Amino acid sequence: MNTATGVIALLVLATVIGCIEAEDTREDFQGGFESDDGEAAEKIFRRAPVCTRTDQPCPYDQDCCSGSCTLKKNENGNLVKRCD
């Protein structure tokens, strides 16, 4: 076996080992990690919700920090919803 074949074999082996270790946990839809073996909900780590600051566009699924969102003109003169 020459050097190139040995390097390729080591890369394949490292990839296989990495895939086997990566099977133990998978990222859930909010960025936390969930175990394959059915851990309880309190053991799943999730990111904390974040509110949108003043003068930022109002997103569809998040609340503004101030609690209100109104139509305002942007730099192009168009009306857009922004957090108060």
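Glycine is treated like the rest: Cβ placed from N, Cα and C.
Per Swiss-Prot, the cysteine from C58, C65 that shares a disulfide bond with C51 is C65.
Taking a C-beta cut-off of under 8 Å and a sequence gap of six or more, P57 (site 'Critical for insecticidal activity') has these contacts in its own chain: V80, K81, R82, C83. Most buried of the disulfide-bonded residues C51, C69, C83, judged by other Cβ atoms within 10 Å, is C83.
Within 10 Å (C-alpha to C-alpha) of C51 (disulfide bond) lie the following recorded positions from C64, C69, N74: C64.
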